[in-house]
Ligand SMILES: Nc1ncnc2c1ncn2[C@@H]1O[C@H](COP(=O)(O)OP(=O)(O)OP(=O)(O)O)[C@@H](O)[C@H]1O
């Protein structure tokens, strides 16, 4: 009950802020509607009784009240409906904005990789409109209950037993509640299947994946698997809907029996001379309205139940993101003197039980270029995620000049870092913007963007475009589509936009580039043209599988199954008998004549 009222109040508050006049009008109209229904019943009775007596003035008065009540019901309902539709859209927009702010504003990545978070998010996304409309459902329900009360009072005037007609509301209301609970449970249980179905069907329709799927002939297989999930979801939902309909039919059947019994009872009373034909007409008229009112109440309550269900998910998301909030307050340093240290860092991804990094102790000296190497799944990217504050270690600390990252203002630290990843994103639109967002304050600074493009050896990509930095990119924006490698060059340019970062991460940012460009870029990243300026003690961290490209780094870290297996310069490590020497020899052999 408390949840119901809090849903209604929360939605009303948003609607009132969006349009105070419209919200107040809806509330007033709902009240008018409730009173007008009782007035029609009263008018029918008086009209019939006065006609029997031939009292002209009473007939006129009753007819005038009836006409006014009918007119009010018809017009108030229409206006109320139109206002509600408009307000629902506006509340829906506010809810979507809040949802986006909540998911995009969370400082870490954890929530985006948790399936329970994503399932709830997708359920809310598909129900924001219902949630936004839940308060109108409740208001219509309240208005109907008021008119129900007034009708009961009028019916009691005919015969006290007729008060019991109000009890006819109980079966439809009770059974509709059960039906709503059934549907909500089925939707929750279908969330996982829906997520998998969407993922697989998206795969079938994305051009990137479609190439491989067509060649291997597995498109039909993936489509069939997606369809199996779809069928599973549909069967479950249809079954729940059928059961819910049966509950609702049972409720209305109870109402119909009671309605007929009431009419028969009053007809009998009239035939025995204990009532007037007007009484019979009023009972028939009020009972018909009663059914409409009840139907509105049932729909309103179902909407409210769905809204309650959605808001529970919403509150869960809010609590989760609040819990994730980064509480660090220490400003990031202007320059590094000691560097970054990992002290006893252990990390396990949420929802898994195997640590990916285990008890890592590591010092990345200020002003150095550090290369991280290791086989697939060794934990290189995970290390990068911890250094950039995307996750917090379960144990141990990441210390920036002695200050734990969890105590530092994360937005400060992020403003002093830059990164390019192997799985970069393609931001379609103007080239200037695609690259410039790497340093938002200078997003429109053509000179800065031009310099970053040159540093990433992407000048040739831009020169070929019809309007250079002003050209539009991507089919969505009516521009040309670039090759994967060309997009990667622009992504690298984006990462080189920030000047003087304290940490510059290059996590396999050249995987799609030709070997010559890759070699030149790595020579630049480990030489004087490194992205992190050594005058502020900036650290350049390179992640690579190609040992030949990282040999000039000041320090090489070899990760193996989440542990630091070796540490040193290329000369030191290649002279030894360890993993680095072994992998380096294997790669060199592959290139030997
Ligand atoms: N979001 C995630 N949730 C759960 N486990 C993950 C997640 N991301 C990575 N892992 C696991 O963590 C381990 C290390 O992954 P990571 O991406 O850090 O390796 P890597 O050394 O960068 O590999 P690669 O060279 O293939 O890029 C892998 O075993 C992987 O399965």
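Even glycines carry a Cβ here, placed using N, Cα and C.
Curation does not apply to TrEMBL; its annotations are automatic.
Checked against TrEMBL, the range among 27-47, 90-110 recorded as transmembrane segment is 27-47. Averaged across the domain 'ABC transporter' (340-586), pLDDT for the predicted model comes to 88. Within the chain, the transmembrane segment (152-175) has long-range Cβ neighbours (under 8 A, six or more residues past its boundaries) at 38, 41-42, 45, 247-248, 250-255, 258-259, 262, 265-266, 269, 274-275, 279, 282-283, 286-287, 290, 294-295, 297-298, 301. Only residues 6 or more beyond the boundaries of the transmembrane segment (27-47), in the same chain, are considered here, and those with a CB under 8 A from a CB of the stretch are 58-59, 61-63, 65-66, 68-70, 72-73, 76-77, 79-80, 83, 139-140, 142-144, 146-147, 150-151, 153-154, 276, 278-279, 281-282, 285-286, 289, 293.
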